[in-house]
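The next block holds one structure in the form of structure tokens; read it before the comments.
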Amino acid sequence: MGTTYACVAHTLACESYQLDSYRRLAAAMVRQSKRLQVAAEKAVKAVAASSPAAKKLKTAVKVSAEVAVAATTTETATDKTAAAADNKSSWGALFAGAKASSKQGCVRPLAAEPISPELQARIDAFPPFEDVSKRAEDADVKIVAWNVNGLRAVLKRDESVHLRAYVAQEDPDILCLSETKICRDELQKLEDFLPQYEHQYWSCAVKKGYASTAIFSKTKPLSVKDEIVVGDHDSKGVSKAANGGKDQEGRFLALEYPKFWLVHTYVPNAGGKLERLDFRTNQWDKAMLREMKEMEKTKPVIWCGDLNVAHQEIDIHNPKGNHKSAGFTDEERESFGEILKSGFVDTFRHLHPDKVEYSYFGYRNNMRAKNKGWRLDYFVVSEALMPNVVRT
């Protein structure tokens with residue numbers, strides 16, 4: 001029997017993550033050592049800056065730093081494999097592409113540093129969430145995808161404890177976050193955001209405070225891709241766009257594991273006036289299908305995230321009144337259907353054909369309490385993987 005996958009959908013929950021006293025002590029020592037190292041490097045740079053060779057030195061430091069980052073974008077994994085998912089209140093999205101983009105600062109692995117003992121104590125003492133998705137006994141790997149609608153605001157308030165406690169209790173092996181709205185310059189501030197995940201990858205939009213995605217993994221992936229090529233293509237599939245058709249909004253990340261590709265996307269919204277409908281259906285969706293079919297040549301695909309489409313009438317509370325609304329237009333639904341017809345399965349709808357479940361609720365009119373929402377967040381897998389999905 002192959003690897004089994006647990007795909008889950010809900011709001012918040014799972015088992016607490018706690019460092020024992022020895023690990024905390026060791027982590028604190030490592031952090032202090034890093035601080036001393038940083039101080040020493042600053043002193044060296046200050047001296048070098050006063051020399052005639054300062055300009056050359058700065059250039060050399062910059063180049064070597066870029067080489068170091070590039071060297072970490074393709075890594076060798078150990079053994080963990082599998083996939084699962086979680087969703088329910090604006091869950092995530094991301095996707096695959098090409099090599100790391102230095103212009104956007106995408107796919108930048110961060111060395112997770114320990115958080116303070118005081119903050120860890122607050123996380124450990126946080127009351128259990130009601131909707132924690134317990135790990136299925138026969139599941140090898142658990143994956144959560146979550147649309148956080150901006151990390152900066154959350155981390156500035158006490159809600160950072162709320163969010164960290166949720167992740168600790170949910171305890172996924174892989175956590176995918178979409179719409180982080182984090183830009184490249186802010187990545188350093190988030191090195192200790194979720195220290196239990198040693199391998200962290202971020203795809204940042206060129207536009208500050210917009211879209212963007214991240215993946216946190218306990219297991220080192222074999223390789224990482226952070227670009228998807230969209231836009232018009234010629235008969236040979238070559239982009240005719242000025243920038244090569246590459247996504248500039250940080251919507252795409254893909255991690256390769258020994259037995260599958262994990263693709264996480266924050267799919268573009270068609271817009272209030274449907275101004276991006278053509279881009280979404282005729283460019284983005286086609287690019288997604290092209291990329292995933294290319295990946296399938298090597299191994300099956302797990303695609304998760306905020307896909308910004310309610311595929312069937314059962315996936316939206318008021319289908320009759322929303323046929324011209326972004327996310328439920330005939331064009332978007334048909335386009336998503338074409339992807340599924342190409343050898344992919346909507347795991348939730350496959351396992352629960354008649355179940356009404358929403359993952360997004362509007363902020364106005366108390367929609368969540370009234371259970372008037374949309375199912376916009378999915379786990380879609382290659383047909384070959386469906387027998388291994390144990391829950392969604």
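Placed from the backbone N, Cα and C atoms, the Cβ positions cover glycine too.
All TrEMBL annotations are machine predictions without curation.
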Residue from ASN147, ASN282, ASN322, ASN365 that TrEMBL also lists as binding Mg(2+) with GLU179, ASP306, ASN308: ASN147
Cα-Cα distance linking ASP377 (site 'Important for catalytic activity') and GLU179 (Mg(2+) binding site), given in Å to the nearest integer: 13
Rounded Cα separation (Å) that holds between ASP306 (Mg(2+) binding site) and ASP377 (site 'Important for catalytic activity'): 4
Cβ-Cβ neighbours of ASN147 (Mg(2+) binding site) (radius 10 Å): 25
ASP377 (site 'Important for catalytic activity') CB neighbourhood, other CB atoms within 10 A: 28
Number of other Cβ atoms within 10 Å of the Cβ of GLU179 (Mg(2+) binding site) across all protein chains: 23
Taken over the domain 'Endonuclease/exonuclease/phosphatase' (145-386), the model's mean pLDDT: 91
